[in-house]
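**Q** Per TrEMBL, the features are:
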- 19-31: compositional bias 'Polar residues' (COMPBIAS)
- 103-697: domain 'Major facilitator superfamily (MFS) profile' (DOMAIN)
- 497-555: domain 'Kazal-like' (DOMAIN)
- 11-46: region 'Disordered' (REGION)
- 102-122: transmembrane segment (TRANSMEM)
- 142-163: transmembrane segment (TRANSMEM)
- 170-190: transmembrane segment (TRANSMEM)
- 227-251: transmembrane segment (TRANSMEM)
- 263-286: transmembrane segment (TRANSMEM)
- 306-328: transmembrane segment (TRANSMEM)
- 383-403: transmembrane segment (TRANSMEM)
- 423-441: transmembrane segment (TRANSMEM)
- 580-604: transmembrane segment (TRANSMEM)
- 667-690: transmembrane segment (TRANSMEM)
């Protein structure tokens with residue numbers, strides 16, 4: 001092949017055959033404007049532009065050499081298909097937004113909203129929804145997993161047909177559907193009667209005659225609203241599906257390949273900051289009573305408190321509606337994107353049977369009939385498969401920690417639900433967001449090739465594996481009478497219940513009314529009744545908490561006059577490990593997210609260009625099926641093993657009230673080590689089995705210094721018939 005010899009025999013360093021650029025070429029340098037020109041570097045440092053007239057002999061193309069006057073290529077495409085607008089409405093005033101940077105901005109807002117709503121608000125308010133709508137834990141879990149189920153159902157269809165279709169329209173309609181899901185999720189608040197706790201103050205106190213709440217319990221209740229929540233989550237999943245498949249490839253296609261990791265890194269950083277904002281805002285909204293026009297008598301620390309869980313979904317849905325319209329207005333290709341496509345060089349994994357060349361056919365993937373062949377090509381790519389499995393292990397950890405991270409902090413350090421969510425949000429913002437952005441920047445800065453990227457991911461997994469041993473540290477449980485420590489006064493009167501002893505034997509306490517109080521003796525009690533309290537003494541002005549008196553089970557400091565007093569709420573923790581724990585948790589989150597963009601970049605590079613969107617779709621299916629869906633279930637099951645005291649819902653087991661902190665840490669440590677070791681192994685296998693395209697036989701042609709004397713060792717794409725642009729120094 002004469003063209004192959006011209007591009008691989010390094011003629012620039014030995015002869016005059018290609019070293020004379022046309023006048024246009026030598027004057028303009030690179031037309032793409034992808035990176036600022038260095039004024040100190042010589043013109044020979046610029047990417048070469050080959051045109052049919054000026055640089056290659058006519059016989060190569062089977063045509064004649066055209067004169068130089070005809071080679072003035074207009075690289076800024078003014079095609080109406082590349083104008084910004086909606087149908088025939090393409091005003092000139094909005095064409096200023098028709099750039100990759102503005103696309104990145106709008107997609108970042110969309111991914112921020114998706115992360116804030118699905119991974120932030122829902123994880124924060126799920127316990128409030130359980131309480132408000134009488135849901136069991138598995139029903140709440142089914143609501144959470146409806147998102148991933150919808151994503152798995154839609155991913156193959158969206159990524160396959162959207163990959164060859166009009167990506168901005170798929171993206172815009174997806175954001176609209178996601179907005180509809182958020183509004184649907186908030187709907188039950190407006191269709192149910194106001195939430196009012198009808199428990200008189202004396203109900204939780206020691207009393208001889210008491211009516212069990214189970215006798216008056218309404219049948220059914222509001223639990224059927226779970227189907228509305230599941231529909232809202234299903235719409236969330238459908239709408240978000242195009243965002244992380246088509247959105248990523250749309251950015252990748254429309255920017256210089258060297259800058260693609262930075263753009264994708266910024267895009268994913270917004271997706272990470274979103275959940276953090278969701279945790280912080282969700283914690284803030286939960287401190288407001290769900291019926292915002294009412295002034296309740298209880299405080300957020302009360303177990304029966306339900307915060308304003310619905311505000312976030314209403315605001316997020318409205319914002320998503322607004323951001324969908326500019327995304328719908330973008331063209332199929334941005335102006336100037338053809339040059340980036342022509343410059344791109346392939347790093348796709350080379351299959352031994354050569355079947356990877358099937359994907360280079362321009363017509364491949366246009367028909368449904370090609371889908372089985374496309375799936376088979378991806379399944380035969382071991383690098384792609386092991387990157388998918390590594391992503392699934394990382395997703396399991398991320399899903400498990402994001403769902404139960406606040407609960408872990410709440411249990412270990414005796415925090416309230418809103419405090420734990422706020423602290424976790426403070427951790428995720430700099431660690432997750434910073435790690436995600438830094439990962440994309442490192443790939444660009446070090447100019448890493450595919451195998452180097454995978455090794456970098458493996459190193460990140462090893463660092464976070466070492467940091468995960470922080471879970472060896474745990475805090476001792478706050479002493480709870482009858483559960484972790486025996487009552488200091490009285491004898492057991494009923495062998496089947498350690499909560500009932502002599503000091504509260506005549507109080508007729510019921511297990512259904514959990515309302516913990518902290519005694520003056522530093523011991524926590526199940527309720528004022530179980531502490532033997534007979535009256536409310538006063539309310540603390542500083543905290544608004546009630547102080548109970550006459551508590552027969554509380555043995556306090558008599559000389560200080562603390563005998564028989566208890567304060568509403570849990571006892572504070574005396575554990576001082578929180579700064580150390582949060583520091584190492586920061587490292588775990590940072591390095592887990594540090595490899596997310598590099599791993600995504602490696603996935604895009606190890607598959608043929610025509611399979612990028614579909615490959616991302618298949619990867620998301622694997623990640624969600626093996627990681628996103630079972631992750632919270634696996635971690636939830638592990639944490640449930642450490643439960644000391646379950647909620648009693650009229651004879652049925654509810655959620656867990658109290659965990660054994662030491663066991664919780666140990667089980668979480670084992671699960672974390674298992675998944676991190678698996679992730680490291682999968683990255684190692686992906687690196688070992690990767691087969692890059694054959695390199696040029698001339699080692700001196702390798703691109704190491706970006707000078708014009710060397711030619712890239714990566715294969716160049718087939719040349720279009722009407723002239724072409726080849727950046728011989730670019731590495732994807």
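Each position is counted from 1, following the chain as shown.
Including glycine, each Cβ sits where the backbone N, Cα and C put it.
Note: TrEMBL annotation is automatic and uncurated.
In terms of burial and nearby residues, how do these features look in this structure?
**A** Mean predicted confidence for the domain 'Kazal-like' (497-555): the pLDDT average there is 80.
With a threshold of 8 Å between CB atoms, the same-chain residues lying at least 6 positions outside the transmembrane segment (102-122) that come near it are 143-144, 147, 171, 175, 178, 182, 233, 236, 239-240, 243-244, 247, 250-251, 254, 263, 266-279, 281-282, 309, 312-313, 316-317, 319-320, 323-324, 326-327, 330, 334, 402, 425.
When Cβ-Cβ distances below 8 Å are used as the criterion, the transmembrane segment (170-190) is approached by residues 107, 110, 113-114, 117, 133, 158, 162, 222, 225, 228-229, 231-243, 246-247, 250, 290, 309-310, 313-314, 316-321, 323-325, 327-329 of the same chain, each at least six residues removed from its ends.
Under 8 Å from some Cβ of the transmembrane segment (667-690) lie the Cβ atoms of residues 349, 382-383, 386-387, 389-390, 393-394, 396-397, 400, 408, 450-451, 454-455, 457-458, 461-462, 464-465, 468-469, 471-472, 599, 602, 606, 634-635, 638-639, 641-642, all in the same chain and six or more residues away from its ends.
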**Q** Do the transmembrane segment (263-286) and the transmembrane segment (142-163) come close, with at least three CB pairs under 8 A (pairs 6 or more apart in sequence)?
**A** no
**Q** Can you name the far-off residues of the same chain, 6+ from the ends of the transmembrane segment (423-441), with a Cβ under 8 Å from a Cβ of it?
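**A** For the transmembrane segment (423-441), the sequence-distant neighbours (Cβ-Cβ under 8 Å, at least 6 residues beyond its ends) are 120, 261-266, 268-269, 271-273, 275-280, 283, 402, 405-406, 409, 415, 460, 582, 585-587, 589-598, 601.
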**Q** Give me the DSSP three-state residue breakdown of the domain 'Kazal-like' (497-555), ordered helix, strand, coil.
**A** 6 helix, 15 strand, 38 coil
**Q** Report, as numbers and ranges, which residues of the same chain sit near the transmembrane segment (383-403): CB under 8 Å and 6 or more residues beyond its ends.
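**A** For the transmembrane segment (383-403), the list is 119, 123, 144, 275, 349, 428, 450, 454, 457, 461, 589, 592, 595-596, 599, 602-603, 606-607, 615, 618-619, 622-628, 630-632, 634-636, 671-672, 675-676, 678-679, 682-683, 685-686, 689-691.
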**Q** Can you work out which residues elsewhere in the same chain, 6+ from the ends of the transmembrane segment (142-163), have a Cβ less than 8 Å from its Cβ atoms?
**A** 118, 122-123, 126, 129, 135, 170, 174, 226, 229-231, 233-238, 240-242, 245-246, 249, 365, 371, 374, 403, 612-614, 616-618, 620-621, 624-625, 628-629, 632-633
